[in-house]
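Following: one structure in structure tokens, then a few remarks.
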Amino acid sequence: MRLSPRSLCAAVRAAWRESFPLEGRDVARWFPGHMAKGLKKMQSSLRLVDCIIEVHDAQIPLSGRNPLFQETLGLKPHLLVLNKMDLADLKEQQKIIQHLEREGIKHVVFTNCVKDENVKQVIPTVTELVGSSYRYHRGEHVEYCIMVIGVPNVGKSSLINSLRRQHLRKGKATRVGGEPGITRAVMSRIQVCERPLMFLLDTPGVLAPRIPSVETGLKLALCGTVLDHLVGEETLADFLLYTLNRHQLSGYVQHYGLGEACDDIASVLKRVAVKLRKTQKVKVLTGTGNVNVIQPDYPAAARDFLRAFRSGLLGPVMLDRDLLQGRSAEES
């Protein structure tokens, strides 16, 4: 008996993993000296700061934010900017906002700083927050000093540059990178607006000294907030594949022309490597000596898989969907 396409898809999904093996995995800590120093410098600069803008990745709105920020940066007015909204599936945006409100986060703006989407909301929101708060030790200064904080590689520098484009018609003032750790020290003030006169302090990305769970660590790593090799590129690619299949997102199938979804990372990476012509020579010892064998370059395929995800080529993804639905990978 032949199965209908729908029945066939259901049968394939039934064979997919229901959970990702997290036991025994030790997500490496990425808390080098410049992170600890950066947090101390932020604290020492607080006296001059009117408001805190915390930037985080919109794909993980409920995961990976550094709890030390709340503890060390005190009662300053706070705006959470969820950046890279173009990469996130925001069908449940209202649920995200409600979840954050329960955590005490009352002011949230979703942005895409690369294309300046929603960035115009930031300065009016900050101005209102500062205007309704007591400006400790600031006297009658008319300018605003805003500190931009967040974990690595979420778009803090991109936000500053976007604000300058929007309000000053000027270009980059701070370097932007696709890897964590580009901004190494608390920088001098950068003007982003004339009216009101507003300066921003760009700061280095600071992760929590301890990532609370392996699942959170993997999500952070997928978003590029820790260096891939600390977790393992093929491990990250496998977690990404598991997540996409579990959410029934088949963008990777179309992007790589795979024909059908698959839950085996070795098989997927092999097909990706063949399609991209990513191969490597490997010496194999035989009875007649060493023989060079051409094999798929699995690490190169994994890197391309991750790059495609981070570039939005696999479609928008909400990595915290389980948390929004009250589940985690360990429970599912």
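Any Cβ shown, glycine's included, is placed from N, Cα and C.
Summarising the annotation, Swiss-Prot assigns domain 'CP-type G' to 36-209 and lists sequence analysis as the type of evidence.
What Swiss-Prot lists as GTP binding site is Asn83, Lys84, Met85, Asp86, Asn153, Val154, Gly155, Lys156, Ser157, Ser158, Gly205, and the listing cites similarity to another entry. Asn83 (GTP binding site) falls within a strand when secondary structure is assigned with DSSP. Other Cβ atoms within 10 Å of the Cβ of Asn83 (GTP binding site), summed over all protein chains shown, number 28.
Site extent for GTP: among the recorded binding residues Asn83, Lys84, Met85, Asp86, Asn153, Val154, Gly155, Lys156, Ser157, Ser158, Gly205, the largest C-alpha separation is 21 Å.
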